[in-house]
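Working notes, beginning with the structure itself.
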Amino acid sequence: MAATVGIVGVGLVGSAAAYAIALSGIAGRIVLVDHVPALAQAQAEDIAHAVPFASATQVEAGDYDRLAGAEVVIIAAGVNQKPGETRIALLSRNAAVFASVVGEVRRVAPDAILLVATNPVDVMTEITTRLSGLPPGRVIGSGTILDTARFRSLLGRHLGISPQSVHAYVLGEHGDSEVLAWSTARAGSVGIRDFAAQVGAAITDQVRAEIDDGVRRAAYRIIAGKGATNYGIGAGLMRLTRAVLRDEGAVLSVSIHTPLVAGVRDVALSIPRVVNRRGVTADLMPDLDAAETEALHRSARLLADLAAEVRL
Ligand SMILES: NC(=O)C1=CN([C@@H]2O[C@H](COP(=O)(O)OP(=O)(O)OC[C@H]3O[C@@H](n4cnc5c(N)ncnc54)[C@H](O)[C@@H]3O)[C@@H](O)[C@H]2O)C=CC1
Ligand SMILES: CC(=O)C(=O)O
C-alpha cells in the first residue's frame with residue numbers, strides 16, 4: 001500500500017515539504033494538519049493542483065485523526081525567526097507548541113517515524129524524544145541536513161563540480177555554533193585541498209571564511225530578504241522522508257538524541273547517520289582534527305545545557 005506522510009504545521013516550511021514530497025511521488029497520500037484548519041485546507045488544495053503535472057499523490061487536510069496509519073509525520077509547527085533573531089530565541093514558544101502536538105501525533109500514529117523541523121531543531125528533537133517516549137532513532141531532527149546542502153553547494157561552485165560529488169558535512173547544532181568539517185571534506189574520493197590545487201581553485205583563508213559565512217549566516221540573510229527560508233528545508237525534508245519510505249540506508253547529517261558525543265552526554269545534534277525505514281540505525285562519526293573536535297564539544301555542550309533547562 002502506498003505510504004501516508006503527515007505534516008503538522010503547514011506554514012512556509014510544512015507546505016514546502018508537502019510540495020516537494022507531492023512532486024517527488026514518494027508518498028501515496030499526504031495529510032496536512034494545522035491549528036488553523038483553513039490554512040491546511042488551502043495549502044492542500046493548492047498543492048493538489050500541482051500533482052497532475054508530476055505524480056498521483058493524494059493531498060488532503062484534516063484533523064489529527066487523519067494521520068492514522070502514517071509511516072512518517074513531519075512536525076514543522078511553531079514560530080519562525082524574525083530578521084536578526086536566533087533560532088534559540090524560539091525555544092520556549094516552540095516547546096509550548098510541542099507539548100500539545102507530540103502527544104496528539106503519538107496517539108493517532110504510534111508507529112510513525114517523527115521528523116522534526118521546528119527550530120531550534122536540535123533541542124526540539126530532544127524534547128520530542130522525551131515527550132514521545134520513542135527510541136531515539138525514530139525521532140529525527142532535520143538538523144544540519146540543510147547546512148550540509150549549503151556547504152556542498154558552495155564548495156561545488158568554488159571547485160566547479162556538482163554538489164552531489166562533494167562529500168562534506170556540517171556537524172553539531174543547526175545554528176550559530178555548527179561545525180563545518182573541512183578536514184574530512186572530499187571531492188569524489190580526493191581530499192578537498194588536493195583537488196582544489198589540481199583545478200587551480202585553492203581554498204585560501206579568505207575562501208574558507210566566505211564559505212563558512214555563506215553556510216552559517218545563510219538563514220539570517222534569506223530571512224532578511226524574504227522573511228523566512230522554506231525551499232531548501234522543504235527539499236531536505238523530502239530527501240529525509242524518501243530515505244525512510246524507500247528504506248534507503250542513506251547517509252544524511254541529521255539530529256537525534258545521542259548518548260555520548262564529543263565528550264557530552266545525552267544531547268541531540270547532527271553527525272552523518274544512516275537513515276532507513278526503521279529511522280536512524282547507525283552513526284558515521286568523521287575523524288575530525290583537534291579544532292573541529294573542540295568546536296563540536298562546545299556546540300554539544302550548548303545544546304545539552306539548553307535542553308536541560310526545558311521543563312515539560
Ligand atoms: N530545520 C530547519 O532547517 C528549518 C526550520 N525552520 C523552522 O520551521 C518552523 C516553521 O517555520 P515556518 O513554516 O516558516 O513558520 P510559519 O509561521 O509559516 O508556519 C508555522 C505553522 O505552524 C502552525 N502552528 C503553530 N502552532 C501550532 C500547533 N499548536 N498545532 C499545529 N500547528 C501549529 C501555524 O498555524 C503555522 O501555519 C520554525 O520554527 C522555523 O524556524 C525554518 C526553516 C529551516
Ligand atoms: C531558518 C533556518 O533554520 C534555516 O534556514 O537554516
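Don't overthink the numbers, they just go from 1 along the chain as shown.
Every residue, even glycine, has its Cβ placed from backbone N, Cα and C.
TrEMBL annotations: computationally assigned, not manually curated.
Annotated active site, proton acceptor per TrEMBL: HIS174, in sequence order. Per TrEMBL, NAD(+) binding site is recorded for 9-14, ASP34, TYR64, 78-79, ASN94, SER100, 117-119, SER142. Look at TrEMBL and you will find GLN81, ARG87, ASN119, PRO120, VAL121, ASP122, ASP147, THR148, ALA149, ARG150, THR229 tagged as substrate binding site. The annotation beta-D-fructose 1,6-bisphosphate binding site is assigned in TrEMBL to ARG152, HIS167. For 5-141, the entry in TrEMBL reads domain 'Lactate/malate dehydrogenase N-terminal'. The domain 'Lactate/malate dehydrogenase C-terminal' annotation in TrEMBL covers 144-304. Sequence annotations record features per position, and here TrEMBL assigns phosphotyrosine to TYR220.
Each residue in the domain 'Lactate/malate dehydrogenase N-terminal' (5-141) has a pLDDT score, and their mean in this model is 98. In this view, the densest Cβ surroundings among the recorded positions ARG152, HIS167, HIS174 belong to HIS174, judged by other Cβ atoms lying within 10 Å. In this structure, GLY11 is the one among the binding-site residues GLY9, GLY11, GLY78 with the smallest number of other Cβ atoms inside 10 Å of its Cβ.
Listed in sequence order, VAL13, GLY14, ALA17, ILE74, ILE75, ALA76, GLY141, SER142, ILE233, LEU237 are the same-chain residues at least 6 apart in sequence whose CB falls under 8 Å from the CB of ALA117 (NAD(+) binding site).
Only HIS174, of the recorded positions GLY11, HIS174, TYR220, have a C-alpha within 10 angstroms of the C-alpha of VAL121 (substrate binding site).
Annotation for ASP34 (NAD(+) binding site): same-chain Cβ neighbours under 8 Å, separated by at least 6 residues, are VAL8, GLY9, VAL10, GLY11, GLY14, ALA40, GLN43, ALA61, ALA77. TYR220 (phosphotyrosine) and ASN119 (NAD(+) binding site) are 14 Å apart (CA-CA, integer value). Neighbour list (ASP147 (substrate binding site), Cβ cut-off 8 Å, at least 6 residues apart, same chain): VAL170, HIS174, GLU178, VAL215, ARG216, ALA218, SER253. The two recorded residues, GLN81 (substrate binding site) and TYR220 (phosphotyrosine), have Cα atoms 9 Å apart. Checking the recorded positions VAL121, ASP147, ALA149, ARG152, HIS167, TYR220 for a CB within less than 6 Å of any atom of ligand 1 leaves VAL121, listed in sequence order. Across GLN81, ARG87, ASN119, PRO120, VAL121, ASP122, ASP147, THR148, ALA149, ARG150, THR229, which the record gives as binding substrate, the greatest C-alpha separation is 20 Å. THR229 (substrate binding site) has its Cα within 10 Å of the Cα of these recorded positions: TYR220, taken from GLY78, ASN94, ARG152, HIS167, TYR220. Taking GLY9, GLY11, ASN119, HIS167, THR229 as the candidate binding-site residues, the subset whose CB lies under 6 angstroms from any atom of ligand 2 consists of ASN119, THR229.
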